[in-house]
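J.: Provided herewith is a single structure, encoded as structure tokens, for subsequent inquiry.
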Amino acid sequence: MPGLFQPVIRTTRSLVAALCGLLVVSGADARPHRVVSLNLCTDELVLMLADRSDIAGLSPLAADCTLSVLCLSAQGLPVVPANGERLLGARPDLVVSGTFGADRARAVAGTAGIATLAVAPATTLDDVPRQITTVAHALGQDARGASLIAAFRSRLRALAMPVTNEAPRAVMLDANAYSAGPGTLADSVMQISGFRDAGSGARLSLERLVAEPPDLLIRDASPAAPSLAEAIADHPALRARFGRDRMAIVPGNLLLCALPQSLDAVALLEQARKALPRGHS
Amino acid sequence: MRTRGILSGPTPWLVLAVVLCGGAALAHGDVSLHVGQAVADLWAGRRSAGAIILGELRLPRLLLAVFVGGTLGVSGAVLQAYFRNPLADSGVLGISGGGALGAVLVYYTGLSARVPLAMPGAGLLGALGATASLLALSGVRAGPGLLVLAGAALSSLFASLLALTLNLVPSPYAAYEVMHWLMGSLTDRTLHDVAIAAPGIALGLALLFASGPALDALTLGDEVATSMGAVRSGPFGTQTRIVLGVALSVGSAVAVTGTIGFVGLMVPHLLRAQTGNVPSRLLVPSFFGGALLLLIADWLTRLIGGATVQIGVVTALVGAPVFLWQVLRLRRSAL
Amino acid sequence: MTMLRGIDIGVRSGTRALLEQVTLDVAPGMLLGLIGPNGAGKTTLLRVLAGLLAPSAGQVLLDARPLSSLPGDARGRAIAYLPQSPELAPGMAVADIVALGRLPHRSRGTHREDARAIERAMARTGVEPFAHRMAGLLSGGERARVALARALAVEAPILLADEPAAALDPAQALGVMALLRDLADAGMAVVIVMHDLALAPRFCTHLSLLHDGRLVASGAPSAVLTDAALHDVYGITARRVGESVVPWSRVS
């Protein structure tokens, strides 16, 4: 559902336009001009923060709309898979990646004397400003980062709900019936939306889920490409137990990386909370 | 004497065991349930938690264990009698693998969501293709070694084609689902899955049960069986009906549960002596024996490791030694 | 009156002729011995008569109907066939094996009829004492009698048997030949392939002598087994003991 995160993209674009003059003034030429990102989450940060002409490569996942909220903006940009040879071939002057994965490619970049930035993964929405600041600074786009953070903070303030002991309980149903749980972004989004996370991170037993149901079951949208892992969310037992108003659909790409767009998931959950039947809200 | 009643032999005991184990499978699960209340709710159409757990989660699992297990048992008994080879089994011969490959091709490309019965249809075609390749490779009267060798080659070919398919299809999860298709699983299946598999299993089993007299006659050799009119050649002959029966039932079963190995090998072997080694008398007991084996194996998978242990792991752990025992016996009789 | 008739039968395998223009009649009351040297085409002829091998020329008639037009089980009820080395499942009990002879009747016979036919077949062949033993535990002679019992349990008017006495010791061979003659005398039509020239003329009512795929002589044993025929077809001289022919020396 691209419509859901369209507003944020638009915001980003108008910001870019507004700050252009400012950048030219402060734009010392130390700013990297050939940025390669090796990780989906850094792809999205780079797409929001860097000038498009400065992006020399993104990971293959950036253009996949089931995973990336900025898949449309990623189209047309070069794809660089995380292997040393292809990475050097892109002639980067800055390599941005996560702290996990692509170790060899990063090592190659380091040996070749290319600047690298490894961004620790964000598991709560609180991490979003820190990540934006770090990446924006490395890209030489501090001002753009600051205004993105300001916009994020004000939307977060508007949306955040308190979690009380009477707050409704929710479970996020992942592929293969695993639940999100403490330490995941989904958990953080649920809490900010005013839900208690009843998931543990373990594989859920459908029997237990039916016998002791949370107030809300959160699931991904039905995928275009079928798999048994995701078909579990369509199990008739869950449909019978939770019905329409106790099941919320949150597109999975909103919860993969902690981004300002993750607040769309918060908005969706708050809608779902308002629609909960009496006795569950 | 030939038509000794269903009531003699191991069948009544097996039916009793299936009923007991099946009842236990309905009564026990991850959560404790007031079964009487759940049945009453189910009967009255109330969608209580108990009714949903019983009707939508435990019942499909039970039905699949019984019908898929039964299918694998009967097809094993028929294949062993037809090839006159104690090592024959739909898994060993690659027939299950062909069926699973067909099902994977239509499921992950999204075809099964648009075309009703595409899954069992593709399972049937895959299993038929596998059987045709097997017959072309080794022939019906190949020695036990050649037949099993051809089957092993086909099994690994189908397994690798299946893995390749799962790597190429669009869903990022597909590649991790190779275990479901190669080892089989009854976890979190639905009544819809039961409905998908049922027609092919029923039709296939009807063909296989009807082949009993032909299988009996074949114990006297091809010529005598033909001379008695019990075995017919030609496009609508005995071979066609047996191959179609196996492909229909096994193809439909694996399309839903994936390939569960060694059931068809073990069950007839364990029951043969109790049925006087008469192939037609082995068919009904093999159905209930297969059903019982899968019910027990399913219970064991839950006991061992929750939902993540594939049922085929358990059947292979028990079945592989039986297979090796058969190999040793063949070697001794060859000496 | 069930009559089996082969007319101008020819069988080719590639370019080689296994049988050429063989015509013969089998009628009730006959015990017809098919004799001839190895490779003469005896077994091929028996398989054609049983409907197991379609001749490349000529045809087989069963009561004036082409045998090939009959449905399999109807043919199975009319003609019982016993191959040269019968296969028996080693794990099956003798009684169960003999019962398989009732398979062609499964749509017609009542259970009581089946049980009686099985009892008769076992009594005639003397396999009752080991009716419940497994076939794999029997001696060669016992196995041969079980296979014969299975063929007799069909209770077909015609019995075709390929060397039914070949694997047996003299006493058992005599017993089987006498049994086959009794069956013929009781109105059955029996055709057997055999090599034993001592037994053939004593028990058979008729003999047909095959040589290189052709029928050389047919008729009463004494008319078929002439010195000239033994010389030309078998390349032997023989001595005679009663009706029996004892091969004595090769013709150089």
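Here, residue 1 is simply the first one shown, and the rest follow in order.
In case you wondered, yes, glycine gets a Cβ from its N, Cα and C as well.
In case it's useful when we look at the structure, here is the feature table from TrEMBL:
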type	residues	note
TRANSMEM	B:62-83	transmembrane segment
TRANSMEM	B:90-111	transmembrane segment
TRANSMEM	B:117-137	transmembrane segment
TRANSMEM	B:146-170	transmembrane segment
TRANSMEM	B:190-210	transmembrane segment
TRANSMEM	B:242-270	transmembrane segment
TRANSMEM	B:282-300	transmembrane segment
TRANSMEM	B:307-328	transmembrane segment
J.: For the transmembrane segment (B:62-83) and the transmembrane segment (B:117-137), decide whether they are in contact, meaning at least 3 CB pairs lie under 8 A, counting pairs 6 or more apart in sequence.
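T.: Between the transmembrane segment (B:117-137) and the transmembrane segment (B:62-83), which are separate recorded stretches, there is no contact, as judged by 3 or more close Cβ pairs.
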J.: Is the number of Cβ-Cβ pairs under 8 Å between the transmembrane segment (B:117-137) and the transmembrane segment (B:307-328) three or more, considering only pairs separated by 6 or more positions?
T.: no
J.: Apart from its near flanks, which chain residues at least 6 from the ends of the transmembrane segment (B:307-328) lie with a Cβ under 8 angstroms of it?
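T.: Sequence-distant neighbours of the transmembrane segment (B:307-328): 86-87, 92, 179-180, 182-188, 257-263, 265-266, 269-270, 293-294, 297-298, 300-301.
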J.: Which residues of the chain, 6 or more past the ends of the transmembrane segment (B:190-210), have a CB below 8 A from one of its CBs?
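T.: Residues packing against the transmembrane segment (B:190-210) from afar: 55-56, 59-60, 63-64, 67-68, 70-71, 74-75, 78, 117, 119-120, 123-124, 241-242, 244-253, 255-257, 283-284, 287.
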J.: What else in the chain is close to the transmembrane segment (B:90-111), if you only count residues 6 or more beyond its ends and a Cβ gap under 8 Å?
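T.: Residues 72, 75-76, 79, 118-119, 121-131, 133-134, 147-148, 150-155, 157-159, 161-162, 165-166, 169-171, 174, 181-182, 246-247, 250-251, 253-256, 258-265, 323.
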